[in-house]
Amino acid sequence: VMAASKPVEAPGGGGTAGLPRWQLALVLGAPVLLGAGAIYLWGRRAARRGKGASERKTPEGRASPGPGGEGGSGQPDGPGHEEMSPLGRAQAAKNKGNKYFKAGKYELAIQCYTEAISLCPPEKNLDLSTFYQNRAAAYEQLQKWTEVAQDCTKAVELNPKYVKALFRRAKAHEKLDNKKECLEDVTAVCILEAFQNQQSMLLADKVLKLLGKEKAKEKYKNREPLMPSPQFIKSYFSSFTDDVISQPLLKGEKSDEDKDKEGEASEVKENSGYLRAKQYMEEENYDKIISESTKEIEAKGKYMAEALLLRATFYLLIGNAGAAKPDLDQVISMEDANVKLRANALIKRGSMYMQQQQPVLSTQDFNMAADIDPQNADVYHHRGQLKILLDQIEEAVEDFDECIRLRPNSALAQAQKCFALYRQAYTGSNALTVQAAMKGFEDVIKKFPKCAEGYALYAQALTDQQQFGKADEMYDKCIDLEPDNATTYVHKGLLQLQWKQDLDKGLELISKAIEIDNKCDFAYETMGTIEVQRGNLDKAIEMFNKAINLAKSEMEMAHLYSLCDAAYAQTEVAKKYGLKPPTL
């Protein structure tokens with residue numbers, strides 16, 4: 001898992017200090033309060049434009065609330081003072097109900113609100129909607145969720161933009177486990193309140209995450225295994241240097257043998273599934289690797305441990321963690337196998353546990369790897385990345401230091417150490433340490449001018465610091481070094497949006513990423529997010545679905561379903577209430 005493969009969240013949640021909310025929505029699995037859904041993508045813009053709904057409060061005593069009552073209040077709407085016409089009698093019954101409500105006598109309050117509903121002239125829509133909403137509030141106190149939802153539905157039919165009733169119905173749907181309906185209601189509330197109310201935002205976030213997890217579990221179980229692009233596979237293997245199975249073994253074999261024995265070497269290759277798999281790997285013929293490794297394993301050949309590890313690695317790459325685990329378990333338990341193989345298997349199983357959100361098991365595997373192979377730099381490099389994800393920055397820096405001590409030329413570990421120090425400084429809002437971390441990046445790119453990851457991580461830090469022009473230059477350096485790395489084009493595309501609000505340029509760069517690697521899920525995800533920004537929700541949903549089919553883990557898939565569901569909920573709200581968030 002490369003640290004720079006996805007944007008990293010900035011503390012602060014939006015506005016000018018950190019990343020804007022629409023970019024926060026791209027953060028994968030990061031602990032961002034409002035990170036789950038595209039529903040929040042307009043947060044800042046809405047805050048600037050957001051007059052109206054969120055600013056209108058229902059004054060006490062006003063009989064007819066407008067669309068924007070206070071969404072969060074558990075109180076019924078206040079007393080009116082009308083003459084004793086039919087409407088006046090209904091108001092009097094409601095006022096009596098309000099007194100009972102405040103005294104905690106909810107059954108009596110319900111009787112009064114029911115009387116108000118029967119007395120109210122049917123053409124008095126707004127008054128009638130208030131009575132239904134007040135009765136729903138009393139039912140809510142008694143936890144009668146079906147009745148709450150029914151009364152809120154009546155209130156909304158009479159007054160379609162009645163925020164208080166919509167939010168109360170959303171909460172009832174949550175209790176009734178009607179997630180889709182809950183999401184639609186809370187989406188309407190968020191838009192009506194111009195994304196200003198924390199309570200409704202948190203409910204939306206919660207239900208999006210639950211929906212995402214539920215759908216991802218089902219989809220991941222039944223997904224078709226999919227081989228990633230050659231670029232992705234090569235990038236994955238390049239993050240290991242002490243990895244026996246990714247070394248070009250055949251050349252090594254030949255150098256151990258006399259020239260006249262070359263014929264014998266090719267005979268071994270013919271009979272060994274593992275050596276054939278290695279040959280296919282060099283030819284980038286990745287689809288044949290699992291079947292050739294299986295032949296070696298079934299024959300209990302000389303390279304059985306290597307074949308198990310190679311097969312497990314490709315199972316992980318195609319997203320089949322269930323098949324990878326028993327192979328990794330077997331390698332780890334082979335006491336007499338090469339310790340480098342066992343340590344590599346532990347790193348891979350530990351990373352798999354992290355993707356499955358099991359950090360305790362993950363940490364155990366990395367610690368065991370360090371115990372059995374303390375001189376293995378890969379262990380510290382990958383454990384350092386795990387610690388960044390767990391927000392244990394000091395421990396991450398220690399691990400990167402150990403990796404650098406063992407492998408002084410590891411540009412990757414030096415760049416990631418800088419990034420860890422930068423995150424620590426940025427989170428602590430310490431200007432001096434931020435400056436020191438930025439200088440650290442300059443040192444790394446001077447010392448390792450050929451390390452693309454150094455430029456990529458520096459560019460992310462520069463973007464945080466609003467140094468957009470320089471960040472753009474860093475991405476150009478990455479592209480010069482790795483012209484076939486699709487992720488860099490996506491980052492550069494995102495930068496155009498944040499820097500110049502240039503949607504066309506952003507989309508052009510992201511399209512270029514897809515051209516380079518049509519299996520780049522990050523590119524489709526970002527494109528979907530931009531289409532949401534532009535108000536093209538159907539196109540956005542199509543992009544999110546493409547990303548879902550390419551996602552490499554259940555966690556990633558859950559995040560993408562959250563984005564997709566948020567966009568879908570908005571299309572439904574637009575149809576039902578004619579409500580649309582502001583677009584770019």
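Along the chain as shown, the residues are counted starting at 1.
Each residue, glycine too, has its Cβ placed from N, Cα and C.
Features of the protein shown, as given by TrEMBL:
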COMPBIAS  66-77  compositional bias 'Gly residues'
REGION    49-86  region 'Disordered'
REPEAT    90-123  repeat 'TPR'
REPEAT    343-376  repeat 'TPR'
REPEAT    377-410  repeat 'TPR'
REPEAT    452-485  repeat 'TPR'
REPEAT    521-554  repeat 'TPR'
TRANSMEM  22-42  transmembrane segment
Non-local residues, at least 6 beyond the ends, that sit with Cβ under 8 Å of the repeat 'TPR' (377-410): 1-3, 29, 31, 239-243, 343-344, 346-347, 350-351, 354, 359, 362-363, 366, 369-370, 416-417, 419-421, 423-424, 427
For the repeat 'TPR' (377-410), the number of residues DSSP places in helix, strand and coil: 27 helix, 0 strand, 7 coil
Residues of the repeat 'TPR' (521-554) by DSSP state, where helix covers H, G and I: 28 helix, 0 strand, 6 coil
Average pLDDT across the repeat 'TPR' (377-410), rounded to a whole number: 94
